[in-house]
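Student: Just dropping this structure here.
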């Protein structure tokens, strides 16, 4: 169980970096508005506080595809590069456009973190601790804001960015030491690596101890692959020129007909898969949590907390708090 916790915490450090980035605009807007080191109008401050949220969906749209292509571990490793780049740009920014560029990079990267974190935790943890480890993400979520606001209360915005740049470096080292998700390795045919990953995650045990679980993972993957690929069985052969030649049907007219039929089969398969996904979403085990989560996110954001967060220091100053706005935040 301990190795699974250690592997899950690696994901949570990505969350720590993510929410440090979300908390940073509060610090920089408050300090630049007061010091004038880089002139910042109200409009510019508004853009600086919101542009990361605007760019986030662009990363989210490609997150699922990239994590399936690169793998959970490798993708989380690579995420630390743009996070580090964004922090360094913030630390050494000579002007407002550089701050905007850093915010764009960070915003897209925040969106990219959507897919790998929960996927990895769900795939490396056994059911009895999976829910607990997923819930622990909320602790790191709040810690990211707390650490950033604390640094902003103690030092300047540049030093805060410089110190925060250590988080992606440490996170990358940590993630490098944990294994890849076994089910993803199985899906890529890397059975031996999947076995080694399972041995690590189940307490650094011998391969014999995970033989049954590995067999079940392989069977699950094969069943899933068979279900998804069965409608298109034989399409690859028809699309292969050597198949056409071997059967004496190499003229252009026949080839065109075969390719057209194969394309129609692929379209039908994709449409069938889409309908299957929609059917899955409408099933009670999926629909019930969706009906809880979607209103929760709607109300928590519609309440205004997300939109006022970059200006939280100024809001507390307007309330004439008995302590500084930085410490109140």
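Cβ atoms are placed via backbone N, Cα and C, with glycine included.
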Student: Transmembrane segment per TrEMBL: which of the ranges 265-288, 289-312 is that?
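Tutor: Of the candidate stretches, TrEMBL labels 289-312 as transmembrane segment.
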Student: So which range, 23-39, 74-90, 193-209, gets flagged transmembrane segment in TrEMBL?
Tutor: 74-90
Student: When you get a sec, could you say which of 163-186, 211-234 is annotated transmembrane segment by TrEMBL?
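Tutor: Range annotated as transmembrane segment by TrEMBL: 163-186.
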